[in-house]
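Enquirer: So Swiss-Prot says this about it:
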{"type": "CARBOHYD", "residues": "7", "note": "N-linked glycosylation site"}
{"type": "LIPID", "residues": "345", "note": "S-palmitoyl cysteine"}
{"type": "TOPO_DOM", "residues": "46-61", "note": "topological domain 'Cytoplasmic'"}
{"type": "TOPO_DOM", "residues": "121-139", "note": "topological domain 'Cytoplasmic'"}
{"type": "TOPO_DOM", "residues": "220-271", "note": "topological domain 'Cytoplasmic'"}
{"type": "TOPO_DOM", "residues": "331-363", "note": "topological domain 'Cytoplasmic'"}
{"type": "TRANSMEM", "residues": "25-45", "note": "transmembrane segment"}
{"type": "TRANSMEM", "residues": "62-81", "note": "transmembrane segment"}
{"type": "TRANSMEM", "residues": "99-120", "note": "transmembrane segment"}
{"type": "TRANSMEM", "residues": "140-164", "note": "transmembrane segment"}
{"type": "TRANSMEM", "residues": "195-219", "note": "transmembrane segment"}
{"type": "TRANSMEM", "residues": "272-297", "note": "transmembrane segment"}
{"type": "TRANSMEM", "residues": "311-330", "note": "transmembrane segment"}
């Protein structure tokens, strides 16, 4: 009977290990595709701006290239190390943990702040186009970009290297695990309450509030401009109808004009909804958890109130935003032509040369 129990236990354990191995392989494949797509998309953006002068000449593209660099750094300095940890089941890089945490905070914050700067740039370009043309020089753009990167460095490396970010260890095991002279296979990135709230405000909540305000104003301005243009078009059509004495078709022409106006407004709304929707869906769940975890108590058996797996899933959701940004922000007609040339597929993908997409770029 004991032999039977032992055999049954062995079968169950081997089945569990096989299932766990399969999950790790699938996870590794999925994360590899995500990392490679992030690298490819953002490398293409950087290469396009570097190679084609007409893309470099537009100041608004300075912000796009800064965003691409920050997302490229996420794919190089942050994602691969975490992917290896997910597959291996432990942190194999030892003392590199603190530097990696600092890179994670810096690159993710830089990506989000660059998105915020882009929204401000586009609002300024649409709300005051003549003033924008005079004032938005390469120097002003570099100052705005430098501000985003400086804030990202200040909020990451200084607190992490000085250990201001860490939650106080609780219990004997955590105190021992925090000692430098003991090896650890876990990269503990748990934050204290002060740092979790302050960093989340700077890295996400304030930028997302600015983006909501700017894109709402952009939609209102675009809506007014579309309706003004449609009114002028209808007036011109009415004058033409009266001149040609073709009153019978006036209602049909006016109806088609209203439909065209509605279509234009819907197009702008869809573009803005995609921009904000993708960003919020990727990052909001993580930052909600980031602020919750330091305040929630551990369960009676000592486990964290939010499982590490759940937290890791939402961390990857946030990083996935870096793979989507090149599609959203650098997929207008100019960039698509450049991508087609770089990839050598002008003949294979002619749609990339001629197709138009709604874009909020000024130029």
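Keep in mind that glycine also has a Cβ here, set from the backbone N, Cα and C atoms.
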Enquirer: Do the transmembrane segment (140-164) and the transmembrane segment (62-81) come together with 3 or more C-beta pairs under 8 Å, pairs six or more apart in sequence?
Expert: yes
Enquirer: Short question: most Cβ pairs under 8 Å with the transmembrane segment (311-330), which of 62-81, 99-120, 272-297?
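Expert: Looking at each of 62-81, 99-120, 272-297 in turn, the most contacts to the transmembrane segment (311-330) are made by 272-297.
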Enquirer: Provide the number of Cβ atoms within 10 Å of the Cβ of the residue listed as 'S-palmitoyl cysteine', excluding the reference atom itself.
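Expert: If we count other Cβ atoms within 10 Å of the residue listed as 'S-palmitoyl cysteine', we arrive at 13.
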Enquirer: If you run through the topological domain 'Cytoplasmic' (46-61) with DSSP, how many residues end up as helix, strand and coil?
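Expert: Across the topological domain 'Cytoplasmic' (46-61), DSSP assigns the residues as follows: 12 helix, 0 strand, 4 coil.
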Enquirer: Per DSSP, how many helix, strand and coil residues does the topological domain 'Cytoplasmic' (121-139) have?
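Expert: Output for the topological domain 'Cytoplasmic' (121-139) reads 16 helix, 0 strand, 3 coil.
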